[in-house]
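Feature annotations, courtesy of TrEMBL:
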DOMAIN    104-159  domain 'Spo11/DNA topoisomerase VI subunit A N-terminal'
ACT_SITE  Tyr127  active site, O-(5'-phospho-DNA)-tyrosine intermediate
DOMAIN    208-379  domain 'Topoisomerase 6 subunit A/Spo11 TOPRIM'
Amino acid sequence: MMGSHVAEQFCEIDRLRAQLMNNVDVTTAGRSEVEVSHREILTRIESVIFGIVTSLSREEVPVLALPNRTSWANVSFDSGVGLHMISGSSVINIRCDCPSSVTKFAQIVNILSVIYRLVQSNIDIYYKNTQLFGSQTTVDSIVDDISCLLKVPRRSLHVLATSKGLISGELCYLEEDGTRVDCRGCSNAVAVSSNIAGIRNIVSSAKFVLIVEKDATFQRLLDCDFCSQLFPCIMVTGKGVPDVNSRLMVRKLWDMLRIPIFALVDADPHGIEIMCIYKYGSVAMSFEAHSLTVPSVMWLGLLPSDIQRMQVPKDALIQLTKRDESKLSSLLKRPYISSQPDWRTEMELMQKVMVKAELQSLDAIAPDFLTSIYLPNKLRYGGWI
């Protein structure tokens, strides 16, 4: 009887996995990424520096033409890849004689010199220079610009990105330096690795991966031992808008385990956008779409229709702000929404009723409703879209 109960509990998840496996050849077609050799990376850096030196020798102002990583006009949508940067993208000129860009010009040249030495020596580092850059976020952004400029995956530049994400659950693996990481049975989650490409020997009995939007919700699920109590799974949170390493980690888990990946976000435009970043990517990182996006991600909750279906008390709901309305309208116009009619229906419902809800709004039904009723039933009966 126990075996029958367990089989029934995972029936819908197993069915989803079978569907994903049938489609895996289609969704991975065209996702291959050509590795760039160390020699080629060095040659591309030398070409950039040669251009600067040539301009100076001609008494011309050196200009770095960076692909515009903020323009929707520079991206195209493919259901199997997500948002990817198109060739011939518009550029932003970074001039060394312009007060608004001279600092960035110096920062790019500085980090190019660091990357050149790192590629030569094949060493990974965290790069910090607060005097020149002010913050690590600025460093990460500059390295992303360089990655896009050189058309080289960021991991090949050997400058490690900072991580803010957490991971927990049925997972063990080895870091590149041989350190064994065990994410099981921890009351405290493990920080997402800063070197995802170096992770190896992944071992997991998880049935699925659960992406959790907020750290508070993640900690709550951690406290009730959600990953092993009912459903052996892996939980990941990027603590809001995910950093590159959190996205790389989710993609790594998909590539290695081929298990369903669900998103648990607030029923508001911000939560939906975060889920879309994991699934389809972002304009800013569209040049790395092949290694960051996971189009198989499913929306588990909180769905706007769940709010009505479960009759969440009105005093637990929040009226959409003007900013929310604008964000929702923007999301509905994005190219990937046309490929997700069920998502569009949910978003249009939110637009109609003009309310949003955080996951903790379910506490208004019962204190443990999220962990004891909502998620178990969603997972058991296939309540995802």
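Any Cβ shown, glycine's included, is placed from N, Cα and C.
Annotations in TrEMBL come from automatic prediction, not curation.
Small disclaimer: the values here were computed from a predicted structure and weren't measured.
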One finds that other Cβ atoms within 10 Å of the Cβ of Tyr127 (active site, O-(5'-phospho-DNA)-tyrosine intermediate) number exactly 18
What DSSP reports for the domain 'Spo11/DNA topoisomerase VI subunit A N-terminal' (104-159) is 41 helix, 2 strand, 13 coil
